Amino acid sequence: MALRPSGGFCCLGRVDLRGDLNGPTMQKLCVKPVEDENASSSSSSSSRQQQQHPTQSLSVELSSEMGKWSRDLSPLPKPLSSSDIHTSTKGSDVRVAYQGSPGSFSEIAALKAYPQSVTVPCEQFEVVFKAVELWVVDKAVLPIENTAGGSIHQNCDLLLSHRLHIVGEVQLPVNHCLLALPGVKKEALKRVLSHPQAFLQCETALDKLSIIRENTDDTAAAAKLVFSKNLIDAGAIASQRAAQMYGLNILEKGIQDSWSYLGLQFWPFMRQDCPYNVTRFLILAREPIIPRSDRPFKTSIVFTLEEGSGMLFKALAVFALRKINLTKIESRPQRNRPLRVVDDLNHGAAKYFDYLFHVDFEASMADPRAQNALSHLQEFVTFLRVLGSYPMDAYPL
């Protein structure tokens, strides 16, 4: 069955051709799409701005100023937990959920997508999904992959276990900063706090410091903890925005690994002005947007394959035959059916991992090439779901 728009609508959902991945037999999900707000426009319906917290300038010695520090963190929103989600908040403001604390890179990505939005922090990725599903917020922004750290596998799995739709993407250059309390020098640090992904992206700088690493839930939470606990022996790896919000000094900017560290500075195809550390975020909503053909679109799908030699080659060939460029392909073992038993006449029964394949390709579902490619793909798959067809963010700024 081809996924074709009909009368201004597009069928974006599940197609279960054989098995059942999550319980009872899944039926095709056909929903009425709505136009999404412009994810790059500042003309949102809200006029409310995020509160800014300018960095305090303290130039005196730490010993004489320890007792004078005073910063009220009460205006900052408390991250939602699963017990906080009951009913949605009424109002005309676009509310965007993200995982982490105020000042995190996820919040920065949310504000890039919707500059006039009200951002809502959440404690966990699962809570972000539930906040959208239960109408607590309108949209969600979640990281999906990073050029240094790779894919966020937890969010790949959550996309499949929930029924939200991808309606956009945000590519955000990540500029990590080493932060500390005012008056603290880099040489005085004995430990540094941050998210494990931040540590992975700053290996070179951290190896030079030779200090203890302590994990936190997100980068902004590390900055908040250093300030709220007056940790004079600890630094934090977080954003410049987090330094402003929590009154910390920036000891060093741009400590993430660079192209030159990877030995790529002389590669002829490498642009030196291109940021090395970029995180790609997905924008999620309850309803899909109407695919268009007047601007570059990307489509994300997930599928499982029939057993047999060359099946993956045949599946990918449906895109190559129509000159559709693939931007991502990744396999994930199925959790509910991790092994596949195959009878081999020569060697008996064998057990293999059973995989889900996540694929992104550069085409809109309004494009007949994409519709025909997915129709062709269904000859080889046992399960197919379109996660979303959405505008590309081709220029990370």
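Every residue gets a Cβ built from N, Cα and C, even glycine.
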Name the residue range among 69-88, 89-108 that TrEMBL annotates as region 'Disordered'.
69-88
Residues in the domain 'ACT' (300-391) grouped by DSSP into helix, strand and remaining coil:
20 helix, 44 strand, 28 coil
